[in-house]
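If you check TrEMBL, you get these features:
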type     : residues                                            : note
BINDING  : 10, 68, 144, 145, 146, 147, 177, 178, 179, 199, 200 : substrate binding site
BINDING  : 35, 37, 68, 177                                     : divalent metal cation binding site
ACT_SITE : 37                                                  : active site, proton acceptor
ACT_SITE : 177                                                 : active site, proton donor
Ligand code: DX5
Ligand code: ZN
């Protein structure tokens, strides 16, 4: 398979007692972005990292931080994560009534806006905001936990997003997140994913690119 994607290992499956050296491990094993999963215990039933953790990692890698917000109030986190060094600020469309305004705020703070959708949300709800997005993150599991099995039906959304991007001459990157391992990665890559997120399979050593 021709490698046409960037690998974004997810820190959620890293050893939290040595996050600094886990960044080096990511760099040495083909990672091109650092995927950081921010969970608030409301949008998803789990808690993970806050801005101080990202801030402490800033300067320990030259790779960009691809931050995925699984939170109910994404706009509350824009300032702190911009200061902490986030490059991509990806929020869930299900958590953003005023998505267009939020995208503007993310850009004001110098970050790249990304929009994510859970498996039960169709691509069609993104129609009005796609022209303003730098990245679209297709969730291929229900968000909240690493180590889940991919829901294969979600892969079709990658094809749909690729088609819309061509038809409308847009430029967002398409990312996929959840249940990526050595079996499912080729399927996601063939469908057209530009960025592939992997947590448990990357850190267990099962997945190598
Ligand atoms: C899940 C997170 C993912 C998670 C992926 O809600 O958004 O980024 O770390 O983990 P794996 O690759 O183990 O499914
Ligand atoms: Zn994620």
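Every residue, even glycine, has its Cβ placed from backbone N, Cα and C.
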CA-CA, which of the binding-site residues 35, 37, 68 lies nearest residue 146 (substrate binding site)?
37
For residue 10 (substrate binding site), nearby residues of its own chain (Cβ under 8 Å, 6 or more apart in sequence):
35, 36, 37, 146, 177, 197, 198, 199, 202
Identify which of the following binding-site residues, namely 144, 146, 179, 200, place a Cβ less than 6 Å away from any atom of ligand 2, and list them by sequence position.
none
Structural state of residue 35 (divalent metal cation binding site), classified by DSSP into three states:
strand
Rounded Cα separation (Å) that holds between residue 200 (substrate binding site) and residue 68 (divalent metal cation binding site):
16
Among all chains shown, work out which of the binding-site residues 37, 177 has the most CB atoms within 10 A of its CB.
177
If you draw a 10 Å sphere around the Cβ of residue 35 (divalent metal cation binding site), how many other Cβ atoms fall inside it, taking every protein chain shown into account?
28
Between residue 144 (substrate binding site) and residue 68 (divalent metal cation binding site), how many Å separate their Cα atoms?
11
Using CB atoms and a 10 A radius, I'd like the single residue among the binding-site residues 144, 146, 179 with the highest neighbour count.
179
If you take the centroid of the Cβ atoms of 35, 37, 68, 177, the listed divalent metal cation site, which other residues of that chain have their Cβ within 8 Å of it?
8, 10, 12, 36, 66, 67, 90, 137, 197, 199
